[in-house]
Every structure is written in structure tokens, then in C-alpha cells.
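What Swiss-Prot says about this one:
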- 160: active site, proton acceptor (ACT_SITE)
- 17-41, 164: NAD(+) binding site (BINDING)
- 147: substrate binding site (BINDING)
């Protein structure tokens, strides 16, 4: 049956930034598809709430509260997953982000910090996870969460957009290095209604122009990204590697225009 190809029965996944937003949605979707999940983020209470939902779906959950802005901390999650569940099949590098700023106010340290948070953490966990995937499962799948800002240009996103563009290309490079036993793909979300857009969601004057600028005339839901992640992690996506799925409502130009004046 075709739907069976989207199952993740008895797989083990690590998801960074799994306490809320996209990470929480992906964790719950993986559990509903049959996977056990290690979720990691900074806030224990958020992790506990997501873990409760995973267990309610009939799967095991393990939580790690840590500051994942540091690659050396993120790298430890792979071994913790094997310690908790006995193996590791899937990694979702979801943690990341950088606050918008004008180009002339963006320092070289800001660029380096954005790269470390968005690319360095993904690389550290991937390098730690792959040997364990090979040892315990014979292979696996890595999914990196990039962004449309890694493809489109908008004012205020020099550091963030550059880092997410690097993550998308890192995905292509890692896929070639790790084939054929480990697949590496990315998802580039558009404007998704998470806490990062809570101000937009509550204000029709802000939300309506963003929806109008999106060809599908709506903003995304975290489940849109979760569904793409299930596809990439499951046998249904077994012939994809090195690709970035653009789950953005059809954007060809940014739908968020920060009030940054002309020079």
C-alpha cells in the first residue's frame, strides 16, 4: 500500500528545537508515523508537554534540555539517542535563527554567530550521528531546516539569509559525501504560523498583505513542514538526497517587508 511507504515504524529520531513550533510539529508527526523521538531544546517545560503528546501517540520520548546554540552540545544528542533507544535512524537539524538587522549594523561576529548557530550545529550533530546510524541501523536520513530567506533576498536578513543559504548548499555537499547509505535533504519553509510570527498572526493589517503576497493566499502551518519531514524521512522519500523542498506557498519573492529605509 502506498500509505505504508510513509510509515516510520520503530525508527528513532533526534529533533533539535523540538520544544515548540516546527520542531514540536515534526516530533508529533514522526510519533504518529511510528517513530520514537528524542527532542532537545532549552526549555524543559515545553519539552515535557511535547513528550506527553508523543507518548499519547503510543511512542517513546526522551527529552534533553540544553543550550543548542553551541555545536559541541548539539553533537552529544546522537549518543544520547542511542543510549535512550538503542539506535539512531533520523536527525532533524531544526534549531537555528538570527534576529533581523540592517546590513550596516551587522558585524562580522554577527555573521560568524549566525553561521555557527544555523550551520555549525547541524554539521556537529550530523558528524556525530552518521557513524551511529551506520553502526546500529546500516544507514539513515538527515533533514536540515533551511528557509526561503536562503533563496530569496529581503532587507534585514543578511546574516540569517546567508547562513540558511549555506545550510542548503551544505545539504547538497553532505549528501554526496554520505551516499549511498545516508540521505541528506533540507526543507525551506516560507512564512509559518509559529511563535516567531505571533505578532503577525494576531494583526490582520500585518497578516493580510503577507497572505496576499503568497500565491496560495495563506500562511503556512507547522504541520505543512511536518508532513514534508515525514516524506523525506520515510521510505517514500528514499530516492531523494541532496534536495531542498521549498514548502512556502509558492513564493517567488519575499512576503515580509521590514521597515528598513533606503540609504
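Quick reminder: no glycine exception, Cβ is built from N, Cα and C everywhere.
Structure coloured by features recorded in Swiss-Prot.
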residue: 17; record: NAD(+) binding site; contacts (Cβ under 8 Å, 6+ apart): 23, 40, 41, 68, 94, 95, 96
residue: 21; record: NAD(+) binding site; contacts (Cβ under 8 Å, 6+ apart): 192, 194, 195, 196, 222
residue: 25; record: NAD(+) binding site; contacts (Cβ under 8 Å, 6+ apart): 222, 223, 225, 226
residue: 29; record: NAD(+) binding site; contacts (Cβ under 8 Å, 6+ apart): 223, 226, 227, 229, 230
residue: 33; record: NAD(+) binding site; contacts (Cβ under 8 Å, 6+ apart): 6, 7, 8, 9, 230, 234
residue: 37; record: NAD(+) binding site; contacts (Cβ under 8 Å, 6+ apart): 12, 13, 14, 15, 18, 27, 30, 31, 54, 59, 60, 61, 62
residue: 147; record: substrate binding site; contacts (Cβ under 8 Å, 6+ apart): 160, 161, 164, 188, 189
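Cβ neighbour count for the residue listed as 'active site, proton acceptor' (all protein chains, 10 Å cutoff from its Cβ): 25. In this view, residue 41 (NAD(+) binding site) is surrounded by 25 other Cβ atoms within 10 Å of its Cβ, with every protein chain counted. Residue 41 (NAD(+) binding site) falls within a strand segment according to DSSP.
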